[in-house]
Amino acid sequence: MCSTMSAPTCLAHLPPCFLLLALVLVPSDASGQSSRNDWQVLQPEGPMLVAEGETLLLRCMVVGSCTDGMIKWVKVSTQDQQEIYNFKRGSFPGVMPMIQRTSEPLNCDYSIYIHNVTREHTGTYHCVRFDGLSEHSEMKSDEGTSVLVKGAGDPEPDLWIIQPQELVLGTTGDTVFLNCTVLGDGPPGPIRWFQGAGLSREAIYNFGGISHPKETAVQASNNDFSILLQNVSSEDAGTYYCVKFQRKPNRQYLSGQGTSLKVKAKSTSSKEAEFTSEPATEMSPTGLLVVFAPVVLGLKAITLAALLLALATSRRSPGQEDVKTTGPAGAMNTLAWSKGQE
């Protein structure tokens, strides 16, 4: 029937249930496509320098998705491409995922540890996503974290960047310390702090340049490039990188492995809540009774003592009362009575 009609006429003759089904199915595919495009994988650029035998921390934050089965790590070198870790399946000796939750429900941390690093670990590491049905994954040549490994017999590098803090916990309003030690000189160029990774990262402190007012440098020594973050809030949560830049050509020369900052809201204790829930000038009737009960009892005790003393005085003998109360006139009458007896 619809084959001989135009598209609008055909749709007009369809039952309402088919029209509803068409409306549901078409946006469904579009929304699924947009949700896949909303994914964003954030990882530091590097290069990072690690000594042979140490542990390498590779950070990766996926924004907009928390599906473990669709994320994996791939190492690309001049020789080949190798899968380092797959969150969906497989056994990878020496590689462990970082178990860490984020404050945002759709932001997930897919960072990994590589233990006992060797020279074979030199290369560029990509945190990539795949569709879950095939092993095809998308990688871009300008992304990934490059890693350099110093062997036991290699000469000392001209620069080391050490960020010893993997995780820092703070409370709203606190001042947080982010540690960075730079050993060596390297090429001429500044040291900068960044929050985040990829194109969305933000420069927060530039030694010798313009910086945010809430960040201050510590600089306890010439090698100390640590900073203080004052009055932190939930917006300050994230990963911070201490990075060395080369002035000519203007490029990133070396990066630290990053420090993750988590900020929690300041909580009020139960005792503080009791004191702050009611004004200090108000008091319940029970409280008034507790305060005034000792005072009332004290007044009753004093009154009772006074009554007992008055009662004891009124019951004294008449002779004692005459002697005690005799005045000058009474003394003369007593003297006259004694003379008459003589």
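Placement of Cβ uses the backbone N, Cα and C atoms for every residue, glycine included.
Of the listed cysteines (C127, C180, C242), only C127 is recorded by Swiss-Prot as the disulfide partner of C60. Annotated by Swiss-Prot as region 'Disordered', the relevant range among 135-160, 317-342 is 317-342. In this structure, the glycosylation sites N179, N231 were compared by how many other Cβ atoms lie within 10 Å of their Cβ, and the smallest count belongs to N231. For the pair N116 (N-linked glycosylation site) and N179 (N-linked glycosylation site), the Cα-Cα distance reads 24 Å.
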